[in-house]
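Okay, so here's the structure we're looking at.
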Amino acid sequence: MSTQVFYFVATLSIIFSLMVIFAKNPIHSVLYLILTFFTFTVHYVLLNAQFLAVVNFIVYMGAIMVLFLFVLMLLNLNKDTEPSKSPLIKIVGVIAGCCLVVTLIGSLKSASINSPLVLKNQGLGLVENLGKELFGPFLLPFELSSLLLLAAMVGAVLLSKRDEVEA
Amino acid sequence: MDSAFVIEKFILVAVIFGISLVIAMYSTYAERKVAAYLQDRLGPDRAGPFGILQPLADGVKMFMKEEIIPTTSNRFLFVAGPGLALLCACIGTAVIPWGSPIEIGGKTIPLQVSDINVGVLYIFGVVSLGVYGVMIGGWASNNKYSLLSAIRAASQNISYEIAMGLSIIALLLMTNTLSLKEIVDQQHGWRWNVLYQPLGFLIFMVCSFAETNRAPFDLPECETELIGGYHTEYSSMKLGFYLFAEYINMFVSSAVMAALYWGGYNYPGMDYVAAHLGPTWAPLIGTGVFFLKIVLFIFFFMWVRWTIPRFRYDQLMNLGWKGLIPLAIANIIITGVVIAIIEKF
């Protein structure tokens, strides 16, 4: 049952992620990205990581994607304003894509499907256990990353303030 | 999964869905009656005694009106917008505990569709998802005013979500759980959270007003600047969906406020009632009390709408970012310090 759901949702994830790239309209692209994130939420639920699932739901689907949509709606992107790409960039893109495909095929060959990942602690994704892990053994990395986020936030505010003074 | 469980949950979902729709329907009637009372008018009184059939008449009107889809950038999204708005409004009811478990014919049935252990966060996620209906509909309308309204809705939603989340954190420090059922059960009798978290409740309530786009925060549908806001281009039942979604949102956020801060189905003297009426009737009375609280909150929403004028956009942003967020953070610090002191001694 669970495996079937996984394969169904995984197929949806791949289809929606491809649609993100193939959609002509940037707003449709973002909407497909939201659907992709929704399938990720389902994956987290399947892994019994409820906290991650709901945080992914709130932060990525509910906040970051709203901001993406917000910015795109303000920018009013359409075919006329799309910058034309030079042939050089296109050639570089093709080469980079081919490299990626080679890497992916190489890694797929070495990956074996006979060793499914089994969680040591099934309840790790629940809020209580996750909190104990984060504030116990992983306290220092946790605090450091929050400091990093704070620095980024202050930096963003400073940058926008400086613009205001110059204008 | 045994079929009895599925049937039980299915009935519960159907009943809650029905109640949400009926309450939303009669909220439209109540809104006009309250407005009329506050402005010294009569309000709707033609359809049926005291006009109580007015919502039905409105519903028939909505269904019968001509369907107009403008030459939009996307027809699918134009139709999906209102549907999404209504869906997001309805799914919030899934984790709200409507009453303590009820015993019918020797079977104990929990009056909650799903008691997930991240219930509070689930509500929060659903609330943050609600803005997509407005944004998609506003954008797909291909109308400048609708687009402006969609953008306003997005920025307002994001800004007030932060303060809302911070105000809940102070509450969670006290309750030590994210399950709505446990939070309500902790408020047994008179120990309602609002007595311990008055500031948190105030912030939460203001943010709920903003998240449901109700006055004084109804800038997305500010008719003096934006015609009708995001639903300018909508007519017939698609407009009805948007209006309905607003009232269901109001119902759900009233229920969340009542459950988180005002004790849910708890009331003073509930132990006495439970001892005398038995396990079938006592939970029903608790549910009745819960709905009474919800109705009072809905009335409060309407009272505010017809009393306070709409904010200006910069006032809205100032209140959110410079008023509520620092207050909510101060509330978290005070709560944390007090809890630390209590645990120490």
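In case you wondered, yes, glycine gets a Cβ from its N, Cα and C as well.
Per TrEMBL, the feature transmembrane segment maps to A:6-23 (among others).
Cβ atoms under 8 Å from those of the transmembrane segment (A:30-47) belong to residues 2, 5-6, 9-10, 12-13, 16-17, 19-20, 23, 53-54, 56-57, 60-61, 65, 68-69, 72, 119, 125 of the same chain, restricted to positions at least 6 beyond its ends. The feature transmembrane segment is assigned by TrEMBL to A:30-47 (among others).
According to TrEMBL, the feature transmembrane segment maps to A:53-75 (among others). Residues of the same chain lying 6 or more positions beyond the ends of the transmembrane segment (A:53-75) and with a Cβ under 8 Å from any Cβ of it are 26-27, 30-31, 33-34, 37-38, 40-42, 44-45, 125.
Among the features that TrEMBL reports, transmembrane segment is placed at A:87-108 (among others).
Taken from TrEMBL, the feature transmembrane segment applies to A:138-159 (among others).
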Chain residues in Cβ proximity to the transmembrane segment (A:138-159) (below 8 Å; excluding those fewer than six residues from its ends, i.e. six or more beyond): none
Contact set, same chain, for the transmembrane segment (A:6-23): CB under 8 Å, 6 or more residues outside the stretch: 29, 32-33, 35-36, 39-40, 42-43, 46
